[in-house]
Amino acid sequence: MLFCLIFFVFLLNNFNELYMETSLHLRILLTFFMLWLANFISVENQQLIGFVGIALLGIVHGANDLTIGQHLKGGVATSWEVKLLMKYISIVLGGMVVFTLLPSYGLLLFILLSGYHFGNQHWTLAMPSSVQRFWMLFQGSYGLLVLGILFCFHEKEVQAIVETITQKSYPELWVHEITLILGVLVLGLGSFLAQQSEAFRASIGRNLFYLIVFTLIFYHAGLIWGFSMYFVLWHSVPSIQEQIRFLYGKENVHSWWSYFKSSALYWSLAVGTMAIAYWAIANDTVFKALFFSLMAAITFPHTLIIAQMKRAMQKKVGP
Ligand SMILES: CC1=C(/C=C/C(C)=C/C=C/C(C)=C/C=O)C(C)(C)CCC1
């Protein structure tokens, strides 16, 4: 009885850490389960499930950007709500214009921003202001390294999608060389930052482990199945958890429900557009090109808002 009581108090005191550990273990378990499952599912069905996963959970994690923007400005207001919406729509439209008129530059910008956004998600630490530039460069290089590893294992398919988006032929994308340079950059910048920060040193092991898990995923799975597994389980879910903590203070059933409720409109619009495109476009590569172009348009403002949110959260907690 006494043991149960002590255990209960321990659970209560450590709920947050236990919850974080559990969600990490669950993600690892799900990752390996999905890798195993892929052996029994055709490539076409893997792609379909991958796109549905991205649409269901991946898109949700960007569907609360406006609510976060509103929260960053200090809560509920009316006059700047419209201003914020206008700003958001202009960035999305601006991104779409760049993507349509200058697709090669648009795609390059999308990949660079995504790299920073992914790295920023994995490495959430308050670093001394004297190393901020190196820190951002490191986060960007780490995220780009993740994408580089994915592209290395699926070069031909990536090349076909890139050529369809840009309407240009690229006989060589240099993904292996670029990934190697990124690896060296991560090592170099990482060694420098490790000398500057104790918190950084403490995060190295975990992020190195993630990199090994991602490499296994990308090696074993097809492009879309692998990307969706990474994007949903390792990027979107932890990002949703963080956004919930920012918006509602803590994670529980109620706050998760509130989060999904406030995502509904934006999410339905984005998923509806993607579903119509999937149904209307018979060509596989053209659909993938359009899918990633749509994703790019929403990534531009999303990256900015999430970076601001993380900065605000770090200010609250302190270095
Ligand atoms: C996987 C993949 C690509 C890149 C996708 C990226 C970079 C997605 C980023 C999404 C983000 C950051 C969403 C918002 O959170 C390419 C180059 C289009 C080619 C085909 C395969």
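Yeah, the Cβs are placed from backbone N, Cα and C, and that goes for glycine too.
Whatever TrEMBL says is automated annotation, not expert-curated.
Record features, source TrEMBL:
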{"type": "TRANSMEM", "residues": "24-41", "note": "transmembrane segment"}
{"type": "TRANSMEM", "residues": "48-68", "note": "transmembrane segment"}
{"type": "TRANSMEM", "residues": "88-113", "note": "transmembrane segment"}
{"type": "TRANSMEM", "residues": "134-153", "note": "transmembrane segment"}
{"type": "TRANSMEM", "residues": "173-195", "note": "transmembrane segment"}
{"type": "TRANSMEM", "residues": "207-233", "note": "transmembrane segment"}
{"type": "TRANSMEM", "residues": "264-282", "note": "transmembrane segment"}
{"type": "TRANSMEM", "residues": "289-309", "note": "transmembrane segment"}
Cβ contacts the transmembrane segment (207-233)/the transmembrane segment (48-68), at least three under 8 Å, sequence gap 6 or more: yes
Same-chain residues near the transmembrane segment (264-282), Cβ under 8 Å, at least 6 residues beyond its ends: 51, 55-56, 59-60, 62-66, 290-291, 294, 298
Cβ contacts the transmembrane segment (48-68)/the transmembrane segment (134-153), at least three under 8 Å, sequence gap 6 or more: no
Close approaches to the transmembrane segment (173-195) from elsewhere in its chain (Cβ under 8 angstroms; 6 or more beyond its ends): 127, 131, 134-135, 137-138, 141-142, 144-145, 148-149, 151-152, 155, 158-159, 162, 201, 204
Other parts of the chain folded back onto the transmembrane segment (289-309), taken as Cβ under 8 Å at six or more residues beyond its ends: 51, 54, 59, 62, 65, 68-69, 72, 87-88, 91-92, 94-96, 99, 106-107, 110, 113-114, 116-117, 120-121, 161, 164-165, 239, 242-243, 246, 270, 273-274, 277, 281
